[in-house]
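What follows is a short report on a single structure.
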Amino acid sequence: MPLIRMGAENSSVTEFILAGLTNQPRLQIPLFFLFLGSYVVTVVGNLGLITLIGLNSHLHTPMYFFLFNLSFIDFCYSTVITPKMLMSFVLRKNIISYAGCMTQLFFFLFFVISESFILSAMAYDRYVAICNPLVYTATMSLQVCLLLLLGVYVMGFAGAVAHTACMVRLTFCANNLVNHYMCDILPLLERSCTSTYVNELVVFVVVGIDIGVPTVTIFISYALILSSILRIHSTKGRSKAFSTCSSHIIVVSLFFGSGAFMYLKPSSLLPMNQGKVSSLFYTIVVPMLNPLIYSLRNKDVKVALKKTLSKKPFS
(Lines of atoms letter the chains of each structure in order from A and count residues from 1; the text may use other names and numbers.)
(Lines give C-alpha, C1' and ligand atoms only; values in the text may rest on other atoms or scores of the structure.)
Protein backbone atom coordinates (compact mmCIF):
# COMPACT_ATOMS: atom_id res chain seq x y z
CA MET A 1 0.00 0.00 0.00
CA PRO A 2 1.52 3.37 -1.04
CA LEU A 3 -0.06 5.04 2.00
CA ILE A 4 1.74 2.69 4.40
CA ARG A 5 5.08 3.03 2.56
CA MET A 6 4.78 6.82 2.80
CA GLY A 7 4.06 6.55 6.53
CA ALA A 8 7.07 4.29 7.04
CA GLU A 9 9.32 6.89 5.39
CA ASN A 10 7.98 9.63 7.69
CA SER A 11 8.25 7.63 10.93
CA SER A 12 11.39 7.23 13.04
CA VAL A 13 10.16 3.78 14.15
CA THR A 14 10.70 0.80 11.82
CA GLU A 15 9.14 -1.84 14.05
CA PHE A 16 6.93 -2.26 17.12
CA ILE A 17 7.00 -4.71 20.03
CA LEU A 18 3.58 -6.08 20.98
CA ALA A 19 3.35 -6.47 24.77
CA GLY A 20 0.70 -9.18 24.54
CA LEU A 21 -2.24 -9.89 26.81
CA THR A 22 -0.29 -10.42 30.04
CA ASN A 23 3.31 -10.33 31.30
CA GLN A 24 2.86 -13.06 33.93
CA PRO A 25 5.06 -16.04 32.88
CA ARG A 26 2.93 -18.72 34.55
CA LEU A 27 -0.12 -17.69 32.49
CA GLN A 28 1.63 -17.68 29.09
CA ILE A 29 1.35 -21.38 28.19
CA PRO A 30 -2.22 -21.94 29.53
CA LEU A 31 -3.41 -18.83 27.66
CA PHE A 32 -1.60 -19.98 24.51
CA PHE A 33 -3.54 -23.26 24.46
CA LEU A 34 -6.80 -21.54 25.45
CA PHE A 35 -6.65 -19.06 22.56
CA LEU A 36 -5.26 -21.67 20.17
CA GLY A 37 -8.30 -23.81 20.97
CA SER A 38 -10.68 -20.88 20.46
CA TYR A 39 -9.01 -20.07 17.13
CA VAL A 40 -9.40 -23.68 15.95
CA VAL A 41 -13.10 -23.60 16.91
CA THR A 42 -13.48 -20.26 15.07
CA VAL A 43 -11.81 -21.54 11.90
CA VAL A 44 -13.62 -24.90 11.86
CA GLY A 45 -16.99 -23.34 12.72
CA ASN A 46 -16.86 -20.54 10.17
CA LEU A 47 -15.25 -22.49 7.31
CA GLY A 48 -17.63 -25.37 8.02
CA LEU A 49 -20.62 -23.03 7.79
CA ILE A 50 -19.28 -21.48 4.56
CA THR A 51 -18.88 -24.99 3.08
CA LEU A 52 -22.36 -26.11 4.18
CA ILE A 53 -24.06 -23.07 2.68
CA GLY A 54 -22.09 -23.43 -0.55
CA LEU A 55 -22.90 -27.14 -0.97
CA ASN A 56 -26.61 -27.09 -0.10
CA SER A 57 -28.88 -25.35 -2.60
CA HIS A 58 -31.81 -25.08 -0.15
CA LEU A 59 -29.61 -22.71 1.92
CA HIS A 60 -29.17 -20.33 -1.04
CA THR A 61 -31.54 -17.73 0.44
CA PRO A 62 -30.96 -14.11 1.57
CA MET A 63 -30.61 -15.13 5.24
CA TYR A 64 -27.84 -17.62 4.48
CA PHE A 65 -26.28 -15.33 1.89
CA PHE A 66 -25.60 -12.83 4.71
CA LEU A 67 -24.63 -15.62 7.09
CA PHE A 68 -22.10 -16.87 4.51
CA ASN A 69 -20.51 -13.42 4.42
CA LEU A 70 -20.61 -13.09 8.23
CA SER A 71 -18.67 -16.35 8.53
CA PHE A 72 -16.18 -15.18 5.89
CA ILE A 73 -15.64 -11.89 7.75
CA ASP A 74 -15.29 -13.65 11.13
CA PHE A 75 -12.73 -16.08 9.71
CA CYS A 76 -10.71 -13.30 8.06
CA TYR A 77 -10.46 -10.88 10.94
CA SER A 78 -9.81 -13.64 13.46
CA THR A 79 -6.94 -14.79 11.20
CA VAL A 80 -5.61 -11.21 10.98
CA ILE A 81 -5.32 -11.03 14.79
CA THR A 82 -5.06 -14.41 16.55
CA PRO A 83 -1.91 -16.00 15.00
CA LYS A 84 0.16 -12.89 15.84
CA MET A 85 -1.40 -12.78 19.29
CA LEU A 86 -0.41 -16.42 19.93
CA MET A 87 3.23 -15.57 19.18
CA SER A 88 3.29 -13.16 22.16
CA PHE A 89 2.73 -16.12 24.51
CA VAL A 90 5.77 -18.09 23.27
CA LEU A 91 8.28 -15.38 22.21
CA ARG A 92 10.21 -13.08 24.53
CA LYS A 93 9.69 -10.21 22.07
CA ASN A 94 6.77 -10.29 19.67
CA ILE A 95 8.10 -7.91 17.00
CA ILE A 96 6.05 -6.58 14.09
CA SER A 97 7.37 -4.25 11.37
CA TYR A 98 5.89 -0.80 10.89
CA ALA A 99 4.39 -1.85 7.53
CA GLY A 100 3.11 -5.09 9.07
CA CYS A 101 1.53 -3.18 11.94
CA MET A 102 -0.28 -0.71 9.68
CA THR A 103 -1.41 -3.55 7.40
CA GLN A 104 -2.81 -5.49 10.38
CA LEU A 105 -4.56 -2.30 11.58
CA PHE A 106 -6.12 -1.71 8.15
CA PHE A 107 -7.46 -5.25 7.66
CA PHE A 108 -8.63 -5.54 11.27
CA LEU A 109 -10.63 -2.31 10.89
CA PHE A 110 -11.95 -3.30 7.46
CA PHE A 111 -13.33 -6.62 8.69
CA VAL A 112 -14.57 -5.47 12.10
CA ILE A 113 -16.48 -2.50 10.59
CA SER A 114 -17.85 -4.79 7.87
CA GLU A 115 -19.04 -7.16 10.63
CA SER A 116 -21.03 -4.39 12.32
CA PHE A 117 -22.88 -3.57 9.09
CA ILE A 118 -23.44 -7.20 8.03
CA LEU A 119 -25.13 -7.76 11.42
CA SER A 120 -27.48 -4.86 10.70
CA ALA A 121 -28.22 -6.26 7.20
CA MET A 122 -29.07 -9.61 8.80
CA ALA A 123 -31.39 -7.91 11.31
CA TYR A 124 -33.18 -6.10 8.45
CA ASP A 125 -33.53 -9.39 6.57
CA ARG A 126 -35.17 -11.03 9.64
CA TYR A 127 -37.46 -8.01 10.05
CA VAL A 128 -38.74 -8.36 6.47
CA ALA A 129 -39.08 -12.15 6.80
CA ILE A 130 -41.11 -12.01 10.04
CA CYS A 131 -43.05 -8.74 9.70
CA ASN A 132 -43.66 -8.69 5.93
CA PRO A 133 -43.49 -12.34 4.79
CA LEU A 134 -45.79 -11.84 1.77
CA VAL A 135 -43.36 -9.41 0.10
CA TYR A 136 -40.16 -11.03 1.40
CA THR A 137 -39.05 -12.49 -1.94
CA ALA A 138 -39.57 -9.21 -3.79
CA THR A 139 -38.06 -7.03 -1.03
CA MET A 140 -34.97 -9.20 -0.50
CA SER A 141 -34.20 -9.87 -4.18
CA LEU A 142 -30.72 -10.81 -5.35
CA GLN A 143 -30.07 -7.22 -6.49
CA VAL A 144 -31.07 -5.82 -3.07
CA CYS A 145 -28.88 -8.36 -1.24
CA LEU A 146 -25.90 -7.51 -3.45
CA LEU A 147 -26.43 -3.77 -2.91
CA LEU A 148 -26.62 -4.28 0.86
CA LEU A 149 -23.44 -6.37 0.75
CA LEU A 150 -21.70 -3.72 -1.37
CA GLY A 151 -22.68 -1.12 1.24
CA VAL A 152 -21.27 -3.34 4.01
CA TYR A 153 -17.83 -3.60 2.37
CA VAL A 154 -17.77 0.05 1.24
CA MET A 155 -18.36 1.18 4.84
CA GLY A 156 -15.65 -1.22 6.04
CA PHE A 157 -13.17 0.06 3.46
CA ALA A 158 -13.99 3.74 4.12
CA GLY A 159 -13.58 3.36 7.89
CA ALA A 160 -10.31 1.44 7.55
CA VAL A 161 -8.85 4.01 5.15
CA ALA A 162 -9.88 6.94 7.40
CA HIS A 163 -8.23 5.48 10.51
CA THR A 164 -5.11 4.14 8.75
CA ALA A 165 -4.51 7.39 6.83
CA CYS A 166 -4.65 9.35 10.10
CA MET A 167 -2.29 6.85 11.75
CA VAL A 168 0.45 6.92 9.09
CA ARG A 169 0.73 10.73 9.33
CA LEU A 170 1.97 10.40 12.95
CA THR A 171 5.59 10.21 14.07
CA PHE A 172 6.21 7.54 16.70
CA CYS A 173 8.60 7.81 19.66
CA ALA A 174 11.68 5.71 20.30
CA ASN A 175 9.70 3.73 22.89
CA ASN A 176 8.03 1.32 20.46
CA LEU A 177 6.41 -1.03 23.01
CA VAL A 178 2.70 -1.25 22.15
CA ASN A 179 0.65 -2.21 25.20
CA HIS A 180 -1.65 -4.60 23.35
CA TYR A 181 -1.71 -7.99 21.62
CA MET A 182 -2.36 -6.37 18.22
CA CYS A 183 -1.90 -3.08 16.37
CA ASP A 184 -5.03 -1.22 17.44
CA ILE A 185 -5.82 2.49 17.25
CA LEU A 186 -5.66 3.59 20.90
CA PRO A 187 -2.46 1.70 21.91
CA LEU A 188 -0.67 3.11 18.85
CA LEU A 189 -1.79 6.66 19.68
CA GLU A 190 -0.07 6.29 23.06
CA ARG A 191 3.27 5.85 21.24
CA SER A 192 2.93 9.00 19.11
CA CYS A 193 5.30 11.94 19.56
CA THR A 194 3.00 14.28 17.60
CA SER A 195 -0.50 15.59 18.28
CA THR A 196 -3.22 12.95 18.09
CA TYR A 197 -6.16 15.38 18.22
CA VAL A 198 -7.25 14.64 14.62
CA ASN A 199 -6.98 10.88 15.22
CA GLU A 200 -9.09 11.07 18.37
CA LEU A 201 -11.70 13.15 16.56
CA VAL A 202 -11.82 10.60 13.74
CA VAL A 203 -12.20 7.79 16.30
CA PHE A 204 -15.23 9.44 17.92
CA VAL A 205 -16.87 10.37 14.59
CA VAL A 206 -16.14 7.23 12.53
CA VAL A 207 -16.55 4.73 15.37
CA GLY A 208 -19.69 6.57 16.47
CA ILE A 209 -21.14 6.04 12.97
CA ASP A 210 -19.88 2.45 12.67
CA ILE A 211 -21.39 1.49 16.04
CA GLY A 212 -24.34 3.89 16.22
CA VAL A 213 -25.94 3.32 12.79
CA PRO A 214 -25.88 -0.52 12.91
CA THR A 215 -26.97 -0.57 16.58
CA VAL A 216 -29.99 1.66 15.90
CA THR A 217 -30.88 -0.39 12.79
CA ILE A 218 -30.59 -3.69 14.67
CA PHE A 219 -32.59 -2.67 17.70
CA ILE A 220 -35.37 -1.01 15.67
CA SER A 221 -35.57 -4.20 13.55
CA TYR A 222 -35.75 -6.43 16.61
CA ALA A 223 -38.24 -4.14 18.38
CA LEU A 224 -40.56 -4.48 15.36
CA ILE A 225 -39.88 -8.23 15.26
CA LEU A 226 -40.73 -8.63 18.95
CA SER A 227 -43.89 -6.56 18.45
CA SER A 228 -44.89 -8.94 15.67
CA ILE A 229 -44.02 -11.99 17.78
CA LEU A 230 -46.29 -10.83 20.59
CA ARG A 231 -49.21 -11.04 18.16
CA ILE A 232 -48.47 -14.73 17.43
CA HIS A 233 -51.23 -16.85 19.01
CA SER A 234 -49.20 -20.09 19.13
CA THR A 235 -47.25 -20.36 22.40
CA LYS A 236 -44.73 -22.69 20.78
CA GLY A 237 -44.16 -20.33 17.83
CA ARG A 238 -43.83 -17.34 20.13
CA SER A 239 -41.32 -19.18 22.36
CA LYS A 240 -39.22 -20.25 19.35
CA ALA A 241 -39.13 -16.73 17.92
CA PHE A 242 -38.22 -15.23 21.29
CA SER A 243 -35.39 -17.77 21.69
CA THR A 244 -33.94 -16.91 18.26
CA CYS A 245 -34.15 -13.13 18.79
CA SER A 246 -32.66 -13.26 22.29
CA SER A 247 -29.64 -15.26 21.05
CA HIS A 248 -28.98 -12.76 18.26
CA ILE A 249 -29.37 -9.77 20.59
CA ILE A 250 -26.89 -11.29 23.10
CA VAL A 251 -24.18 -11.59 20.42
CA VAL A 252 -24.94 -8.14 19.00
CA SER A 253 -24.83 -6.58 22.49
CA LEU A 254 -21.52 -8.30 23.24
CA PHE A 255 -19.98 -7.15 19.96
CA PHE A 256 -21.16 -3.53 19.98
CA GLY A 257 -21.01 -3.11 23.77
CA SER A 258 -17.36 -4.16 24.03
CA GLY A 259 -16.47 -2.03 20.98
CA ALA A 260 -18.15 1.06 22.40
CA PHE A 261 -16.55 0.43 25.82
CA MET A 262 -13.12 0.33 24.16
CA TYR A 263 -13.34 3.25 21.70
CA LEU A 264 -16.00 5.70 22.87
CA LYS A 265 -14.66 6.32 26.40
CA PRO A 266 -11.89 8.80 27.21
CA SER A 267 -8.60 6.92 27.64
CA SER A 268 -8.21 8.38 31.14
CA LEU A 269 -11.33 6.47 32.23
CA LEU A 270 -10.27 3.18 30.66
CA PRO A 271 -6.76 1.87 31.43
CA MET A 272 -5.27 0.00 28.47
CA ASN A 273 -5.08 -3.29 30.42
CA GLN A 274 -8.87 -3.18 30.83
CA GLY A 275 -9.17 -2.20 27.18
CA LYS A 276 -7.27 -5.34 26.17
CA VAL A 277 -9.72 -7.51 28.08
CA SER A 278 -12.67 -5.65 26.53
CA SER A 279 -11.27 -6.09 23.02
CA LEU A 280 -11.06 -9.88 23.55
CA PHE A 281 -14.84 -10.03 23.25
CA TYR A 282 -15.12 -8.57 19.75
CA THR A 283 -11.85 -9.99 18.40
CA ILE A 284 -11.86 -13.54 19.85
CA VAL A 285 -15.16 -14.45 21.53
CA VAL A 286 -17.72 -13.14 19.01
CA PRO A 287 -16.16 -14.77 15.88
CA MET A 288 -16.14 -18.07 17.82
CA LEU A 289 -19.75 -17.74 19.04
CA ASN A 290 -21.34 -16.59 15.78
CA PRO A 291 -21.37 -20.03 14.07
CA LEU A 292 -22.93 -21.52 17.23
CA ILE A 293 -25.55 -18.82 17.73
CA TYR A 294 -26.54 -18.29 14.11
CA SER A 295 -26.32 -21.83 12.78
CA LEU A 296 -25.98 -24.79 15.14
CA ARG A 297 -29.30 -23.84 16.80
CA ASN A 298 -30.83 -23.66 13.33
CA LYS A 299 -32.85 -26.63 12.07
CA ASP A 300 -32.04 -26.01 8.38
CA VAL A 301 -28.30 -26.06 9.06
CA LYS A 302 -28.58 -29.29 11.09
CA VAL A 303 -30.47 -30.94 8.22
CA ALA A 304 -27.87 -29.70 5.70
CA LEU A 305 -25.06 -31.04 7.91
CA LYS A 306 -26.67 -34.49 8.14
CA LYS A 307 -27.26 -34.60 4.37
CA THR A 308 -23.68 -33.53 3.63
CA LEU A 309 -22.16 -36.07 6.04
CA SER A 310 -24.38 -38.89 4.75
CA LYS A 311 -23.30 -38.42 1.12
CA LYS A 312 -20.90 -41.07 -0.20
CA PRO A 313 -17.61 -39.53 -1.44
CA PHE A 314 -17.76 -41.14 -4.88
CA SER A 315 -21.47 -41.62 -5.32
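The backbone N, Cα and C atoms fix where each Cβ goes, glycine too.
Per TrEMBL, transmembrane segment is recorded for 31-55 (among others).
Per-residue pLDDT, averaged along the domain 'G-protein coupled receptors family 1 profile' (45-294), amounts to 85 for this model. The annotation domain 'G-protein coupled receptors family 1 profile' is assigned in TrEMBL to 45-294.
Beyond the ends of the transmembrane segment (61-83), by six or more residues, the same chain brings 35, 38-39, 42-43, 45-47, 49-50, 53-54, 104, 107-108, 111-112, 114-115, 118-119, 121-122, 125-126, 129, 140, 145, 148-149, 152, 181-182, 283-284, 286-288, 290-291, 294-295, 300 to within a C-beta distance below 8 angstroms of the stretch. Taken from TrEMBL, the feature transmembrane segment applies to 61-83 (among others).
Taken from TrEMBL, the feature transmembrane segment applies to 95-114 (among others).
Per TrEMBL, the feature transmembrane segment maps to 134-158 (among others). Long-range neighbours of the transmembrane segment (134-158) within the same chain, counting only residues 6 or more positions beyond its ends whose Cβ lies under 8 Å from a Cβ of the stretch, are 62, 65-66, 69, 109-114, 117-118, 121, 124-125, 128, 210.
The transmembrane segment feature in TrEMBL is assigned to 201-229 (among others).
Per TrEMBL, the feature transmembrane segment maps to 241-264 (among others).
Distant neighbours of the transmembrane segment (279-296): 21, 35, 38-39, 41-42, 45-46, 48-49, 52, 67, 70-71, 74-75, 77-78, 81-82, 108, 112, 115, 180, 182, 184, 247-248, 250-251, 254-255, 257-259, 262, 302; these residues of the same chain sit at least 6 beyond its ends, with a Cβ under 8 Å from one of its Cβ atoms. Residues or ranges marked as transmembrane segment by TrEMBL: 279-296 (among others).
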